[in-house]
Amino acid sequence: MASLRQIAFYGKGGIGKSTTSQNTLAALAQMGQRILIVGCDPKADSTRLILHAKAQDTILSLAADAGSVEDLELEDVMKIGYQNIRCVESGGPEPGVGCAGRGVITSINFLEEEGAYDDTDYVSYDVLGDVVCGGFAMPIRENKAQEIYIVMSGEMMAMYAANNISKGILKYANSGGVRLGGLICNERKTDKELELATALAAKLNSKLIHFVPRDNIVQHAELRRMTVLEYAPDSKQAGEYRTLANKIHENAGNGTIPTPITMDELEDLLMQHGLMPVVDESMVGKSAEVAA
């Protein structure tokens, strides 16, 4: 059996991380790869398009009902979806109570003990990335995920989150084998978005793996709780996800140790590639009317 690839998709909330990851993994499955998805986002939406479900029961909620995680069996928590993709959601506590990362730690340990990673080509962790706290950094910290793919856009907060995630990778890169596989730009139609994403990737000592164009067919598929690969397999957008999947498949061993940048450097990038072609500190804090 080929060696197991453990990858993770990180990105700020609302960036389209779960949608991008599920479509990409569906494409990998179509290529004959055996996939296990481990959802590490408290929203528990990392598998809905694969399972055609609103939200999968999480390991933490099932453990609470059963008494403890030791009372669960693998078949209790794992569901099989499109292209035989196996799906698990770690879950998290009620809002305002406890650490959301606890579910990630509990779930990964349980899955390993139960042999969930056997006969698998890819394990994919779908992780919230606004805050790289200890729990959410678990796949990185414990040397589980070897390749991190950051879903971002040309918007400032998405880039800020990508830089923060890179800091988390850097912290554990030397003690473990984790590497930044690359950035995936989920287009938001901001000015000079492709150039900006490419420039940020270069600053982070990485590369832009793929620029995913915006297409309403993604939302049409989501309303039916389906990936584009299943909903419209011959569409141009399905082809984009297949291209992305191929690039990730060919990217084994090509990850890098990232070089995060400062906030000033990030703002400079935005000014160079965004709405303001010239960096002019005198314009900071002035309205559009005054600036004109």
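For all residues, glycine too, the Cβ spot is worked out from N, Cα and C.
Since the structure is predicted, the reported quantities are computational estimates derived from the model, not experimental observations.
Annotated features in Swiss-Prot:
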| type | residues | note |
| --- | --- | --- |
| BINDING | Gly11, Lys12, Gly13, Gly14, Ile15, Gly16, Lys17, Ser18 | ATP binding site |
| BINDING | Cys99, Cys133 | [4Fe-4S] cluster binding site |
| MOD_RES | Arg102 | ADP-ribosylarginine |
If H, G and I count as helix, E and B as strand, and all else as coil, what does DSSP give for Lys12 (ATP binding site)?
-> coil
Go through Gly11, Gly14, Gly16, our binding-site residues, and report the one whose Cβ sees the most other Cβ atoms within 10 Å.
-> Gly11
Tally every other Cβ atom lying within 10 Å of the Cβ atom of Ser18 (ATP binding site).
-> 25
